[in-house]
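The next block holds one structure in the form of structure tokens; read it before the comments.
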Amino acid sequence: MAAYDYNNTDWAAIKRLSQWYSGDIHDVLDGRGPYGYLKGISQFGVLAPGQVVCGPVSTVLYEKSSRVGQPQDVYHGAIDAVVKGGILMVDSSCAEGSGTGELMSSGAKTKGAAATVVNGTVRDLAEVRKLDYPLFAKGMSPVGVSGRMEATYFQTELNIDGVRIRPGDVIFADVTGVVVIPSELVGVIADAADELGKNEVVCRQRILAGEDLQKIWPVGKTGGPV
């Protein structure tokens with residue numbers, strides 16, 4: 001596929017999205033196409049209370065390989081090339097083995113990546129957590145990749161459980177989960193999330209003031225509160 005020009009990234013919209021939470025983002029994204037929630041992928045690295053990560057994606061795809069003891073050239077190159085504030089999306093689901101660990105997380109953080117998201121397992125979690133680096137995955141395992149698989153494609157389209165992820169699409173992740181936003185809709189989703197989020201702020205204030213929920217959301221009412 002054609003290389004994505006990260007100079008086209010809508011950083012202003014990404015900053016606006018970062019005010020909200022994954023539930024808000026998914027609510028306004030739901031039904032807009034083959035994007036959305038990455039089922040089963042959750043937080044394994046460190047997030048401060050209330051912290052979210054949001055940035056443009058660089059993708060890495062692993063394939064089965066019996067090659068032993070050789071450098072992971074493609075993955076190393078992807079880390080070296082990651083845009084500052086970007087998120088590495090690694091699909092290592094093709095075989096048993098952890099798609100990233102402490103050394104690769106150290107490299108990603110040093111290069112300015114905001115997080116790494118792995119469709120597969122990760123390892124070295126004690127060391128990764130010392131880095132204060134956000135890492136998301138489907139699970140953890142001490143098993144390495146040597147002789148099992150290797151990264152073969154960088155900046156290729158991924159399809160993870162029916163969710164399409166292209167270089168330059170935006171990932172939003174927090175303690176609840178990981179959501180993918182198509183690059184061409186980032187501004188639209190930010191607008192919708194702003195509206196939803198502001199409504200929720202008002203609802204929260206009314207709830208904390210002791211108002212009945214049935215008054216805030218009357219039976220039969222659709223959409224936001226009254």
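Every residue, even glycine, has its Cβ placed from backbone N, Cα and C.
Record features (TrEMBL):
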- Gly101, Glu102, Leu103, Met104, Arg123: substrate binding site (BINDING)
- Asp124: Mg(2+) binding site (BINDING)
Within a 10 Å radius of its Cβ, which of these binding-site residues (Gly101, Glu102, Leu103, Arg123, Asp124) has the fewest neighbouring Cβ atoms? Leu103
Compute all pairwise C-alpha distances among Gly101, Glu102, Leu103, Met104, Arg123, the residues listed as binding substrate, and give the largest one in whole angstrom. 11
State the three-class DSSP label for Asp124 (Mg(2+) binding site), counting H, G and I as helix, E and B as strand, and everything else as coil. coil
Which whole-number value in Å describes the distance between the Cα atoms of Glu102 (substrate binding site) and the residue listed as 'Mg(2+) binding site'? 5
About how far apart, in whole Å, are the alpha carbons (Cα) of Met104 (substrate binding site) and the residue listed as 'Mg(2+) binding site'? 10
For Gly101 (substrate binding site), which of the three DSSP-derived states applies: helix, strand, or coil? coil
Residues lining the substrate site besides Gly101, Glu102, Leu103, Met104, Arg123 (CB within 8 A of their CB center) are Ser98, Thr100, Ser105, Ser106, Val122, Asp124, Glu127, Val128
Rounded Cα-Cα span from Asp124 (Mg(2+) binding site) to Leu103 (substrate binding site), Å: 9
Among all protein chains shown, how many Cβ atoms are found within 10 Å of the Cβ of Met104 (substrate binding site), not counting that one? 24
